[in-house]
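Undergrad: Sharing the record's features from Swiss-Prot:
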BINDING   D13, K35, 62-71, T122, R182, Q191, 211-212  substrate binding site
ACT_SITE  K64  active site, proton donor
Amino acid sequence: MSACQSPIIVALDFPTREAALALADQLDPKLCRVKVGKELFTSCAAGIVEILRDKGFEVFLDLKFHDIPNTTAMAVKAAAEMGVWMVNVHCSGGLRMMAACRETLEAFNGPKPLLIGVTVLTSMEREDLAGIGLDIEPQEQVLRLAALAEKAGMDGLVCSAQEAPALKGAHPRLQLVTPGIRPAGSAQDDQRRILTPRQALDAGSDYLVIGRPISQAADPAKALAAIVAELG
């Protein structure tokens, strides 16, 4: 498998294997990695990861595990056994849960995926947090959870690009994965806190998750190439 040097992760947010592979077959694994989320994984199970890896892609398994420490750690181990490049868990599961995942990966005898923490979903604003009992700005909650992730030894965080500068300043070791990326002129859809790819990298993001601007483009390969060119 050729190592991808691009920061772009294309979201394969599809309900079927056929639809996901139809897009993947138009993409160059040297120009992007791919993300398998809940819908596709639930539909296709682990086989979709194997197929994508056989096509040369590094896979971000975006299942956002959140359970008691042992259960979550065993799920992360199962992801590592699949050969995924990156896996994520919810930071709100707490320090012990994240630390258990870290310890399990350290003991894993094989390539270790990047272990990424999910802070605050990019669709959530202050009123959404208030609705679940958190009277706090999203950025404050992100910083609170980031400190737990750092303490637990996580490799990085999922965060919006607006949070990236503060996170890089406070936790320069952590790699930042940013969804809600829309090239200039794209619709915002359901991601509220968004920036363009260039703005996100300049803000401190390390990896950019891009879905509909590529997957729904008339020519996905051309759309991907245009973003790569924009990033220089």
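Glycine too: its Cβ is placed from the backbone N, Cα and C atoms.
What you see is a predicted model, and the numbers here were worked out from it, not measured in a lab.
Please go over these features one by one and say how buried each is and what sits next to it.
TA: Counting every protein chain shown, 23 other Cβ atoms lie within 10 Å of the Cβ of T122 (substrate binding site).
Just so you know, the Cβ of K64 (active site, proton donor) picks up 17 other Cβ atoms within 10 Å once every protein chain is counted.
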Undergrad: What's the most sparsely packed of the binding-site residues P69, G211, counting other C-beta atoms within 10 A?
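TA: Comparing Cβ neighbour counts within 10 Å for the binding-site residues P69, G211 gives P69.
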Undergrad: Non-local Cβ contacts of D13 (substrate binding site) (under 8 Å, 6 or more apart, same chain)?
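TA: Expected: K35, G37, E39, L40, G211, R212, S215.
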Undergrad: For P69 (substrate binding site), which DSSP three-state class applies?
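TA: Note: P69 (substrate binding site) is helical by DSSP.
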Undergrad: Around the Cβ of H66 (substrate binding site), how many other Cβ atoms lie within 10 Å? Please give the count over every shown protein chain.
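TA: Step by step: centre on the Cβ of H66 (substrate binding site), count other Cβ atoms within 10 Å, giving 17.
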